[in-house]
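As structure tokens, the structure follows; a few thoughts come after it.
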Amino acid sequence: MRGSPLLLCLFSASCWVNLMPTAGGRIFHFGACRVSMSVAEIRASFTAIKADIQSRDPVRTLSILHSLHKVKSSDRCCITHQLFTFYVDKVFKHCRTEDSFVNRKISSIANSFLSARRKLGQCQEQNNCVCGEESMEKFKQILANYAGLNVTSAAMKSLGELDILLDWMEKSR
């Protein structure tokens, strides 16, 4: 029984460290799930390339993420996980430019999304991140908007709308 207080102390310290935000990070609550990420860092990378990315968007009359604004708070975890997966699996893969600076910034944003997706995936595996029918319909609309364009244009448009996603995430905080 001697080791019990030491184990309890180590366990408590480990839990405390896991709940602390990373450097420059904030904890976001998506339903029952919590994710620590640095939106300021993502925003800074996006701001550095926003004009370049948006200038590559040939379709200004369509918004891919427009259905995002009316998501129930109980569905935020699910749709956020779906969106991070969408950006990692579809968008970032088709956003390569001839400019290495832009590509590095895209890669940095992609790495942040990949990390957050992993954390939300763990939460989803614990059944804390449930997908309601309404959120799945909204996500299907996002996918339909994306599929309505050619792959490169859709990817650039989605990346160009990243500020919409970041604003939405910060409102849900």
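Note that Cβ sites are derived from N, Cα and C of the backbone, with glycine treated the same way.
These features come from TrEMBL:
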type: SIGNAL; residues: 1-24; note: signal peptide
type: DISULFID; residues: Cys33-Cys123; note: disulfide bond
type: DISULFID; residues: Cys77-Cys129; note: disulfide bond
type: DISULFID; residues: Cys78-Cys131; note: disulfide bond
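Recorded features from TrEMBL, shown on the structure.
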residue: Cys33; record: disulfide bond; Cβ within 10 Å: 21
residue: Cys77; record: disulfide bond; Cβ within 10 Å: 26
residue: Cys78; record: disulfide bond; Cβ within 10 Å: 24
residue: Cys123; record: disulfide bond; Cβ within 10 Å: 20
residue: Cys129; record: disulfide bond; Cβ within 10 Å: 23
residue: Cys131; record: disulfide bond; Cβ within 10 Å: 15
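Checking the disulfide-bonded residues (Cys77, Cys129, Cys131) against Cys123 (disulfide bond) with a 10 Å Cα-Cα cut-off leaves Cys77, Cys129. The two recorded residues, Cys78 (disulfide bond) and Cys129 (disulfide bond), have Cα atoms 5 Å apart.
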